[in-house]
Structures are given as structure tokens and as C-alpha cells.
Amino acid sequence: ESPLPKPVLDTNGKELNPNSSYRIISIGAGALGGDVYLGKSPNSDAPCPDGVFRYNSDVGPSGTPVRFIPLSGGIFEDQLLNIQFNIPTVKLCVSYTIWKVGNLNAYFRTMLLETGGTIGQADNSYFKIVKLSNFGYNLLSCPFTSIICLRCPEDQFCAKVGVVIQNGKRRLALVNENPLDVLFQEV
């Protein structure tokens, strides 16, 4: 028997709702804090802001609201979902609100988080929310593996989401250590 999936909770202890918007806030004070926001990637020729960043401090501006789009039903720990910045935007930029993992960045030797993803497609736009032992959550980027390997432990293909410094800004990226510990605050 697999245990019942546990719903992901917001800062008020309420279950996340796919129809609501949330800010992703870092756990930590001062420079360890800071909300996640949509910003322009350096050297990007995209017509819309296409980078996923974190403000440099907890006294910075409020982050860009997101919504979580599960494959079905509610929003549970360890389940694949898409993440979309939930902001009004011009038609051209709609796909530039959906999170995905970019190609390998040679300078950082890892993949950076960007927008331009898809919803419900078997590609690099899937994430999971995993609970930390004490407080808060981590985000994982997970390939859509149900086809590749039916008996593999699912998370072995997932990578933790953390931060690299890009042109003085904190950019979300896949990391081996120091993942970003976050909470979800309803907007």
C-alpha cells in the first residue's frame, strides 16, 4: 500500500489550490530570503522576460505570483506538476510564463530555469514539490519518466532546484547541493 499523497500546504496551513496564486518565498532572513520572480535573462533574444530569479533579500519586492498545475486533481507532495507565472500578459508572451529547464549552460555547468515551457506535455517542464524534514519545501525538476523506466525509483532522475549568481542576480538552476528551501504564500 502506498501512503496517501500528502497535500502541499501554504504559509497559512491551507492546501494549495490549482485555481489560486502563490508567491514562492525563500525560507531565511536577509540575503537568504527573497521571493521568486520572472525576469529578463541576460543575453536572451526572447521577446518576453524568460528567466526564473530570486530577489536578493527578504526585504526586496514581492515575487511574481505562480500557479501550480497538477496532472490531475489537487497539489500533492512528490507529484509531477507544471508551474506558471500567473500574470496578465500579451498573447505573444503566454508560453513565456510556463517554467521549464533550459539547455546545459556551459559557464555554470548546469541547467538554468527559464520560461517557455508547456503544460501537460512529456518534456522538461515538470517539477515536484517535496517536503523538508523540519519546515518548508524544495522544488525538484523531474523528467517525465513514466515511459522510460517503469520500475525505477522515480526521484532518481529528478534534480534539486537551487540558485546560481548570474550577472549579480540570483537565478534558479539545477544544483547538487544547497537547494532552495521555500514556502508558498497565497496571493
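Just so it is clear, glycine is given a Cβ too, placed from its N, Cα and C backbone atoms.
Since we're looking at a predicted model, the values are computed, not measured.
Bond annotation: of Cys48, Cys93, Cys158, only Cys158 is listed by Swiss-Prot as forming a disulfide with Cys142. The separation of Asn19 (N-linked glycosylation site) from Cys158 (disulfide bond), Cα to Cα, is 26 Å. For Asn19 (N-linked glycosylation site), applying a Cβ distance below 8 Å and a minimum sequence separation of six or more within one chain yields Arg67. The DSSP secondary structure for Cys142 (disulfide bond) is coil. Cβ neighbours within 10 Å of Cys142 (disulfide bond), excluding its own Cβ and spanning all shown chains: 21.
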